[in-house]
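Here the structure is laid out as structure tokens; the discussion comes afterwards.
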Amino acid sequence: MNNNGNSAIENKIVYSAFEKGFYPFFNALPQDVPVGWMIPFLFIIEDIQFLIYIISPFIYPKLRDYFIKVFIIFNPDIDNSLYFYIFITFLSIFILYMYFMMFSHFKSNGRKSMSKKSLWIYNSLYNIFFKYLLSYVYCFYARSIYLCNFADSIKGIPKCKTPFSYIIIGISVVEFIFITAYSLIYSNFNFNTNCLSHSMYCGTMHKANCNAVLFVKLILAVLINLVTYILDDHNVNTHSILIISEIILFLSFFYLFTVQLKYQPYYSIQVNNYRFGTYFTLSIFSLYNLIIIITNINTFQIVCDISPFLIPILFIVGYNYNNYYNKKIVQRIYKKLYEKKLVSNLHKSTSINELKFNPKRLKNNNIYNSLERITKEVYIKKEIKVYNNVFECEIACRFLRKNRTIEAYLLAKELLNEGISQFNNDANVYLIAWYYLFSMKKFYKENNLLQKYDPELFNGDQILISVMEHKLDFRKKYLIHKALNHLEIEKRENSTNVTTSDIEKSIKMEELKLNAVKIHVQGLQEIKELFHKLKSSTNSKDIVLYSSNISQISKIQKLGNSHYANLLRIIPEANDVIKVYLMFLKDILNDDELVIKYTNMIQKKDENYPIKGSKSNDIDNTIQKTKSISSSNSFGSMPFSEFSTSSGLGKELKKKIHTRNSMIRNFVSPIKNLQFRIMSFVFIFILFYAIQVLCILVIFNYSQKKAENLNLNINIPGAIKESTFSVRMLSYDLMLNDYSTYWQHFFSLKGTLVYMDLVNFGLINEIMGDIKTESSLVIPVGEYAFDSYEQGTLADSYKRYISNLKYCANREMLKENETVFDILYEPHFKYFILNSKSNFDSVFDSSKEILSNSILSAFNILRIIVIIIAIILICINFFMAYITFVPLKRATNKIMHSSFRMFRHFSKSDFEQIITEYDEKIETLCETFEIDENFNNTKSKRKTKSYTKIKVIFTFIIIIIYVLFLLVPVINISNQTRDIIALIQKSIDICIILFRYLNKKI
């Protein structure tokens, strides 16, 4: 359709130099990350970063470790100087690159352009780091400003008030400002104006929500990662800091969810529901945090355990509420529109004059026939407003994304017209209306439906002219500029009857053809150079010099074949491409079967559909020249006519194919066998590596369980000393009837006894039930009987100890008829008196070594296994190199020697003839496709050497280093575990020495 209104639109807007420079740059940028399915995942990652503000150990001191690990996954704790310097360097380089690209476009007034690949990389990196990971980046910079205060705990970070610390602070502040400034500019262009795009579920025409999120990310990052630390250093109460932080968090997220609720900015209702649910959850949970902090119940374990589970509940509530609210908006708009239309029709049908002077006409209009309508209808004096705000105009039209019939379009147009009449002073409603009309027009045009309807039905020129009369900001000017560009493209398409996509596709095809032909020419030049070397060769050892040419020809064969195959996939009916590809198959690839296949194909096409045009004739002439210069000694030795369907396979072709198959059997088959060997050794290598990893996991799991038991039982020697001391003190209190210290010793004994009985007793029975003690314990019998000595298992000794301990703890004060001897010679108390000096130490001290020895022995076994498997892996590596790569080198050398020996029968005149033929082929192709013959001279002058052998050796060295490096963490952890266990045992020994010292004092 030719829209006549396009030429009538005059751009009345005056653009500033800034706008002229930046509009083309942002026009060229993609709307978002290039892969659409990534956006929902990036949305989730973006929102997860907010969790560190509402769930943290500062708010919930007793929060479980697994909750902390989940919620602080994107918490940029800077505890390593290497990470800090690498990350800040990367961000600095990218920010410089970002501003360099912007200002280079600005300086050239939009004439400078980037390639699509560069735009893809640039825009993807920006969106990932400075949009979806912006909270992380902001927190990183906020912490960088205050990082020098942690210089004592982080090695490599400069201390405060040093020149280097000022440099880091300055870089952080400047880059913080630069990121914010660019993000504010970018948010003006971060929208999708194709309102009917099915793929853009996360698309939006609005920027308000983006700016709101941007400022909230900025405020919260500075508040939590900078301001709170400064307040803490100035001795502000931690409780007050938490309350202030939660108030700001609540207000920030409350602002976000009200903005989201009001604007519903995304085209997809599901995305709007998700966004509102997220902000609603964060806001209400911040309010909940504020309440529990004020009431001081955030330290309760049950509160810490239950609170994280409120998050999914609040999210579900918010999601469903937004869904309900969105439906209510649409229902209210349609209801108001219906009421307004009804009242408007009533006003048209009944005027004041009719009511005064013509009551009979009222009867003719059947007004008296509807009593129910007369009794219920109310005369509305106030004008009915359909929309509460301008953004509801766009929300009401989103049904067009699913229903694109002409009836749906007319309804949407009526809704937009209503919005324009209600908000006639707001430029946003005009822009929304124009882009919806244009999107529908584009859809109808792409689906060949536009010609069925009146062109004026889709004409939005008057809307665009009207919006130019309003006061316009930076973003609105850009939207108008973009709209005028759409109209200009549409005008050109209508004048040439060729779509933009077709033009772009044609240019792309020409570029692909030119690249394929250049590779073709490069291959011919390499073959010609190879024949030059063969001609001048006098020694068989010169074959080494040909390897670079052979390698280059092999690469060109693969690359050229891939280019031509890709072209034929895109345009399979292109005879010109097939003809050039045929020359490539004959001259470079030397594939006779494919030559026959495409020769037959092109002959059939030429008979049925003869191609006309200068380019086609040039290609045909090129093929004719190639036929005429074919030589029996060249790579394309068979004449072109011999491959036709009428001639069949001649004797020469059969002989050639037979020779090639024989060479494959003799030379290629051994290489395939070597390839099988390599794969077998790789499988064995992976198998042993998997065994090594499995052993590490099993032993680490075993050691973890033992370490947990050790953590529970490490107290036994100290607890034995403490409880024995308490029993002795308790016995003195009982004998002296001294109540002043009795309860102190009683409760001390009870506390130790509970832990030893409930925790230690079960573990000792389970782990040390069969371990014999190294010495004996005295077992008192009575006052006049001889005491006995008993040596049993550690579990039995501990059981007897606990039993006696319980009796002593439950012993009452002396009665009137009892004396001190009833305590002194009582077997249970006497048991502690006789064994407290050294027997308990010699029996129970071994308990601290049993578990630690088992952990150490497990790590010793792991060390032996890892070293043995590492040796096996290195041996496999060397063995694989010896029995596969060495024979492979011999086989390839043999193939190369055997191949080049065939040329010893060639005379110099034969070589010269072949070289001349290739010169003519190169010249013919270059003339046909207007390529400079010397385009490849710069590359050929600086030939790259083949570093295959060095690469293979280097690969094996890397594998060996990797295997050896795997030993380092295992040995390191083993040594650290040994040191930690030794430190624990020393701590226990010190504790025991202190108790011995106290016992001596007593």
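Every residue, even glycine, has its Cβ placed from backbone N, Cα and C.
Feature list (source: TrEMBL):
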- 492-598: domain 'TmcB/TmcC TPR repeats' (DOMAIN)
- 35-60: transmembrane segment (TRANSMEM)
- 82-103: transmembrane segment (TRANSMEM)
- 124-146: transmembrane segment (TRANSMEM)
- 166-189: transmembrane segment (TRANSMEM)
- 210-231: transmembrane segment (TRANSMEM)
- 237-256: transmembrane segment (TRANSMEM)
- 276-294: transmembrane segment (TRANSMEM)
- 300-322: transmembrane segment (TRANSMEM)
- 681-702: transmembrane segment (TRANSMEM)
- 861-888: transmembrane segment (TRANSMEM)
- 952-974: transmembrane segment (TRANSMEM)
- 980-998: transmembrane segment (TRANSMEM)
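Within its own chain, the transmembrane segment (861-888) is flanked in space by residues 670-671, 674, 677-678, 681-682, 684-685, 688-689, 691-692, 695-696, 699, 952, 956, 959-960, 963-964, 966-967, 970-971, 974, which lie at least six positions past its ends and keep a Cβ under 8 Å from the stretch. Here the transmembrane segment (952-974) has Cβ contacts under 8 Å with residues 692, 696, 859-860, 862-863, 866-867, 870, 873-874, 877-878, 881, 885 of the same chain, all six or more residues outside its ends.
Proximity of distant same-chain residues to the transmembrane segment (210-231), defined by a Cβ-Cβ separation under 8 Å and at least 6 residues beyond the stretch ends, is recorded for 50, 52-53, 134-135, 138-139, 141-143, 145-146, 149, 180, 183-184, 187, 190, 241, 245, 248-249, 252-253, 255-256, 259. Sequence-distant neighbours of the transmembrane segment (300-322) (same chain, 6+ residues past either end, Cβ-Cβ under 8 Å): 55, 60-64, 67, 71, 257, 260-261, 264, 272-274, 276-281, 284-285, 288, 292.
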